[in-house]
Amino acid sequence: MAFAQRHVAVQEGPLYRTEGSHVTLWCKVSGYQGPAEQTFQWSIYLPSASEREVQIVSTADPSFPYAIYTQRVRAQEIYVERVQGDAVLLHITELQDRDAGEYECHTPNTDERYFGSYSAKTNLTVIPDSLRVTAVPQTLHRVERDSLELKCEVSKSTAQHSHVSISWYRQRGGEAPVEIISLSRDFVLRAGGTYAQRHATGDVRLDKVGETTSKLTIYNLHPSDQGEFYCEAAEWIQDPDKSWYAMTRKRSQGTIVNVQATDKEFSVRLETEKRMYIVGEPVEFRCILEAQNIPDRYFSISWAFNSSLIASLGPNAVPVLNNEFAQREALGQLKVAKESDNVFVLKIYRLRLEDSGKYNCRVTEREKTVTGDFIDKESKRPKNIPITVLPLKTSISLEIVNNASSVLEGESLRFGCNVRSNVGPQSRLSIAWQLVDKQNRRSEIVRLDRDGTLQPGPLYAERSSYGGIQMEQVRPGSFTLEIFNSVRADEGHYECRVAEWMRTLDGEWQIAGERHAGTPVTITALEAGFAVTAISRTPGVTYNESFDLQCIIKPHYPSWVPVSVTWRFQPAGSSEFHDLVTFTRDGGVQWGDRYLGFRTRTAIEKAESSNNVRLSISRASDTEAGKYQCVAELWRKNYNSSWTRLADRTSNLLEIRVLRPVTKLQVSKSKRSITLVENRPIPLNCSVKSQTSPDSHFAVLWYVHKPSDADGKLILKTTHSSAFEYGTYAEEEGLRGRLQFERSASGGLFSLTVQRAEVRDSGSYYCHVEEWLLSPNHAWYKLAEEVSGRTEVTVKQPDNRLHVNQTHRNITVLENQWVTLECQVSSRTSPSSQLQVEWYVWRPGHPEKEAVARLSRQSTLRYGDLATLGNLRSRLHLESPSPGLYLLSIQNATVRDSGTYDCRVEEWLLDPSDRWYKRAEDLSGLTTLTVKQPEPTLQVDTATANLTVQEKESFQLDCSILSRSSPKSHFAVTWYNLRAKEAGGHAEEEEKEEEEEKEVVLSVGLDTIFNSGTGRWQDRLCFQRLSAVLFRLTVLQASGADTGNYSCRVEEWLADPSGMWYRLAEEESGTVAVHVQDAGSTLQSVICSNDALFYFVFFYPFPIFGILIITILLVRFKSRNSSKNSEGKNGVPLLWIKEPHLNYSPTCLEPPVLSIHPGTID
């Protein structure tokens, strides 16, 4: 896969922009992948910290800007405009001096990988705005045609090379400013569209006066020039990409100019004496102009007749006449003149009949420029004046006749025009034949002038030159017109116009009168009703039969009407028509060059009485099957002997089906099922019960359909020519070497055998039979096809007889013993099969079972992860003492070997392709293995003892082990000193019992590593191991601080089969109370120093003594109850005894005091 390289481009720098201006920087990316809309991020590197990026704005993240730009971005003073998905513009609406620096445009990656550039930089320099545009503000009043001069001063002091452009504008009210003239940065002078013509005539100028001043001059002010005038200047700088940029644009203060207009109105009036005239009379039209200061103004006049220009007079009063009026003016029959400054005259000395119509004049005021040219201004014209010219009276009358009022296109037209008159020798006649068509357009066909000259009309001149139109005078007063080979355009109303001419006294001929008569003629188009129909009585034929096609043309045309007929053919299955044969308009036959084979089996005939054409085709085959169509073309021979195709018609489609013989093919549809075991042959039969012809050949295609497939797959194909082709299924499944095809001698039974069947050969088999025959063109064609019934084939593997003993067992052993796990295969599918045995274990605390070992079918032993990671691999032993019996032995079992074991047995068989496949698998029963550690029997001497020693003497602490769990046990011994914790207050002494804390004196590990307690025991301890079960600790230099209770704790450790030590049990001995006496020790201190002795001497006697006294008092009280009142004086009881209160010091420095509170005992 090819990746495009990302490229980010930014506007080339360095760029110079003026402070306070609106700045844009463009950035675009190309060669990217991902979304069409890319993200852009703009940053700046300030000159004061060129390595530090300061983020400005992003198209995607509103929180992208740094604090110094956040306010300007929110206020839209800085924003990004997206031109398109991969191009943006950075806008800074008001550039500041601190905006100078190196700008970076960055596009985050959207590609599959990094490839190309993702950012680009450009430098922006901010320079001061030094452009100054000044003009004197004022208000000026001018009169139309006055001149106007305005000045504007433009200066700059930019250090960089720059150009200045200057433009002048006029603005009126709220309208948009109108550009008058400008000087571009390239020093090219251009005028605005409104002032372009006046600038071309020199009325608008822009001149430079001095170093910084430009002057605008406008000559011949117009009222439309009124408004506010100001100049605008722009300072341009050329960027590194050679483009020019307008850094600053400023305008000056305006000058108000008022232009007062002069009176320019004028009016026009047209006059004549009357409106009705007779041929030969004169007429005069007067065009009168009414205006002020006419001598100082310029006007042009134009005369028109029926909206057609007659003549025009410019300001120089020289007339210019148009066409025929120029000829009449040259003959003195017409005059156009300027009678005075405001009167213009058109005079016709002899009116004609055709002078009837509408007359008018138009007056246009013109303005003369400084160059002497004239500019058209306002134009006016009065209302039209119509006049009517009446003819002289005449005595002629006429009659028109024609040969037919309706003819067929191509037939001739004949007209006769008979004139009756009493004309004298001084009179002559002119005859004109005219046609008025359906659109009421009049055209002259031919004219016979009064002097006998025959002149065809302009539209009929060419046709007449070929003899298509003839006009002649048969006898005096009788004229004929004949039009040969008529066309549709000849239809209309024909008129014969006769004019009587008389010579006047001055020798001129003048029409004395005119008469006309007409007759309508209708011409029927040849193509009217023109239609073509194709028919056949045998639309469907069988091979080798014949069929006829007829092309019938309507209407029935005369023999002189030429028609060409073409038969066209579209073969079946094609989309294009091709010419088959053509009867030309002159009776010839032309064959098409596409289907030459038709000529030998095709006959074509044209009827004598009509233009119908019949096409006959014999020995039909597939080649002649298709759609037929006839095309008729109607022709007309023109007057110049050229041919014109008037119309063409295409007949309906005529489909001829050439049918094959009706098939009689029948294939056996019977269904059957076959179930067999691997390696057996699969017999498949395909039987043809009946066939169409004894000459039929068959192609047989064998298919198999699997349940997982939508369609059947081709196995083998035998063509009608007995060629073999293997299908894709046979190639993919490797069936070529296992297929056997046979055909019976009778030819109707086909057999296919699949040797050495496999399970994957199961499926639904069927055959597809094609019947082939030889066509009339000696080509084989498939006549029919049928599918046989299906044969359901099931190929089975041998039945599964694999069985593994499912008995569950429990085994409990001690560590270091051997254990054997059994996997018994009681039966199998085949004696030649191969077995694979794999052992698994579920261990306590593990969610899934783990593989222990696997014996493959090739007798290769592989260990599982459990055996590989631990030391189990070296302790496993797998054997098979007899077929089907597999024993897994674990040597030196450990507690970690405990778990639930089972075995999985896979049975593998050899398929017909000599490939091993797993036929079955079975699981054994579960064997629960429990590996126990020895029962702990550790016992330590728990007898207590008291020991009193003098200061500076030594005392011994024995730790005796009475029994142990194993002779191989090792011991770890720790001696402790139990001391009472110091109380926090006197109240706690009374309410809480004394607590003790343990202090380690000496710890001896099973590896005989010593670890002594606090520093006070340093160099005063002596450890002795008197026997395997007796340990002694001697404390030297005893002191009073050593007084306390001592005990030892024993841990029993054993090594597992892997050599790892584990703690089996632990026991703690009885306490030894040690009291260390100083030299002045008393009995009190001895008693107080020993807790047991203290309680025995002071605490236990007092409760016993109290109970005894209470018993005695109760006995005495009961004996005296009957004879003596139980109350004493003032109701006080005779006996009041409180419980003895025992006070003692926690430090045992003083003996406890037993006190009985006041009371009376009698």
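Cβ from N, Cα, C; glycine included.
Curation does not apply to TrEMBL; its annotations are automatic.
Per-residue pLDDT, averaged along the domain 'Ig-like' (19-125), amounts to 91 for this model. Positions annotated as domain 'Ig-like' by TrEMBL: 19-125 (among others).
As annotated by TrEMBL, domain 'Ig-like' applies to 128-233 (among others).
Sequence annotations record features per position, and here TrEMBL assigns domain 'Ig-like' to 280-371 (among others).
What TrEMBL lists as domain 'Ig-like' is 391-506 (among others).
The feature domain 'Ig-like' is assigned by TrEMBL to 520-647 (among others).
According to TrEMBL, the domain 'Ig-like' annotation covers 661-788 (among others).
According to TrEMBL, the domain 'Ig-like' annotation covers 798-924 (among others).
Residues or ranges marked as domain 'Ig-like' by TrEMBL: 936-1051 (among others).
Residues or ranges marked as transmembrane segment in TrEMBL: 1092-1115.
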Composition by DSSP (helix, strand, coil) of residues within the domain 'Ig-like' (19-125):
14 helix, 45 strand, 48 coil
Summary of DSSP states over the domain 'Ig-like' (280-371), given as helix, strand and coil counts:
14 helix, 49 strand, 29 coil
For the domain 'Ig-like' (520-647), which stretch among 19-125, 391-506, 798-924, 936-1051 has the most Cβ pairs under 8 A?
391-506
So which of 391-506, 661-788, 936-1051 has the most C-beta pairs under 8 Å when paired with the domain 'Ig-like' (798-924)?
661-788
